[in-house]
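Worksheet: one structure, shown below.
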């Protein structure tokens, strides 16, 4: 293939999504500070972090297209990241119960050789059912979604938390908007459909 693909993520969820393209890729774990800057909007944050993750490939590879992605949940204009433990996950899910939450996923494709990058931010709205404390606790115990923005895994039992989903690409909710990624790769000269037999 003209450009090797590199996924700037150690997330098994993002890796399994990228495997849907049926193209070979390498992975690495970008070691970046994911803290928000003062006065940074949620859109600016995920855009910046996806670009930082992709450009971190410079430290590990000398050529290829690096794919960086970052996601936050936004509720009442507040950025909500990964809960990291059950207590925070329960708090988030109680907050979301009966409400609509917007998930923003930043996506960046970065050409290591030329330094060219293309970035977009994909929104996705999730309306949660009205959830009881017992349901929330049981869900957290069952799936332990503590490393997931929003405290759920939509590809698993987390789908039962929702009343409605609204967005262009359900894959963005898992952390990698494949429709947009396919479009960005095309801009770099990789047509995912016709690249199948070129490796």
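Heads up, the Cβ atoms here are built off N, Cα and C, so glycines get one too.
Copied from TrEMBL, the annotated features are:
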SITE      13  site 'Important for substrate specificity'
ACT_SITE  70  active site, proton acceptor
SITE      71  site 'Important for substrate specificity'
SITE      155  site 'Important for substrate specificity'
Close in space, distant in sequence - residue 70 (active site, proton acceptor), Cβ under 8 Å, 6 or more apart: 34, 45, 46, 49, 50, 53, 105, 106
Surrounding CB atoms that lie within 10 Å of the CB of residue 155 (site 'Important for substrate specificity'), all protein chains: 15
Neighbourhood of residue 71 (site 'Important for substrate specificity'), C-beta criterion under 8 angstroms, separation at least six: 46, 103, 104, 105, 106, 149, 172, 175
Assigned conformation of residue 13 (site 'Important for substrate specificity') - DSSP reduced to three states: helix
